[in-house]
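As given in Swiss-Prot:
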DOMAIN    14-259  domain 'CN hydrolase'
ACT_SITE  Glu60  active site, proton acceptor
ACT_SITE  Lys132  active site, proton donor
ACT_SITE  Cys165  active site, nucleophile
Amino acid sequence: MGSSGSMVKPISGFLTALIQYPVPVVESRADIDQQIKQIIKTIHSTKAGYPGLELIVFPEYSTQGLNTKKWTTEEFLCTVPGPETDLFAEACKESEVYGVFSIMERNPDGGEPYNTAIIIDPQGEMILKYRKLNPWVPVEPWKAGDLGLPVCDGPGGSKLAVCICHDGMFPEVAREAAYKGANVLIRISGYSTQVSEQWMLTNRSNAWQNLMYTLSVNLAGYDGVFYYFGEGQVCNFDGTTLVQGHRNPWEIVTAEVYPELADQARLGWGLENNIYNLGSRGYVATPGGVKENPYTFVKDLAEGKYKVPWEDEIKVKDGTIYGYPVKKTIHS
């Protein structure tokens, strides 16, 4: 287990640790239970090594793995909140940290399951629950999230939002988080190495375009099929990378994060204050800026009419290439 980054809690802001968790090879419920124990052990050991730690982040699929033959079975799914999240909550309370965790969630309405992330605070309370808005189709079978993009208070003056893996490839997701007040966007991922460059690029662009910190971490290691790249990354609100991990399983990537600086940039910048300028175009020529929406895709998406010009020619529109049956009905 190695580490990259800072070791101390700043006077203002907070210290975070991103855990490059080794990709779990999970075949049974007993394997999931073992991963939960390992995650809890990691919370306690990381807090012991970094006493000033306030936020610890685990990647997507760290709890239940990526066994695609079983990942939607009743045996593998969890209820949120439920016994598993209760164990995470107890660990966060004991170690006095905020924790970000990945759960493949049983659908309470009996439909397809969700890919879910939660934040638990140092009092052991679940303060945020997010369901992945953009499953990585056609590989993933998860139902598209229905909880929007919530924001919660975090350590050191932070306003936290979480997105999951493929979500971060959509600039609209990061913009939604910022628009709702987030100054720190956490991205938990289970990508294999094919998209590592794009993952790092979008972590930086999401930070820069929205004047917010991004804290991102991926699974690491080999599961017998794919290699997962780790590479925990903390980006400053100006889009520069503050800390970058390597490809080592169990590497701990730490950083001091100063949300107040992002807040100050949003209030004080003129040039490149793009999160504000989007809704106040040309305010020098037009006092207050032009407010009308000029974007066709925004209008069409809002009206449920989004369609790209080449849509009728797109070849892959269902999950059959990965063995999923074509659904007879479209679930809203």
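The backbone N, Cα and C atoms fix where each Cβ goes, and this holds for glycine too.
It should be emphasised that the depicted structure is a prediction, and the values quoted were computed from it without experimental measurement.
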DSSP output for Lys132 (active site, proton donor) maps to coil
With H, G and I counted as helix, E and B as strand and the rest as coil, say where DSSP puts Glu60 (active site, proton acceptor).
-> coil
Could you please provide the mean pLDDT value for the domain 'CN hydrolase' (14-259)?
-> 97
Around the Cβ of the residue listed as 'active site, nucleophile', the count of other Cβ atoms that are within 10 Å | 27
Do me a favour and check the Cα-Cα span between Lys132 (active site, proton donor) and the residue listed as 'active site, proton acceptor'; whole Å is fine.
-> 11
Rounded to the nearest Å, what's the C-alpha distance separating the residue listed as 'active site, proton acceptor' and Cys165 (active site, nucleophile)? Just drop the number here, would you?
-> 7
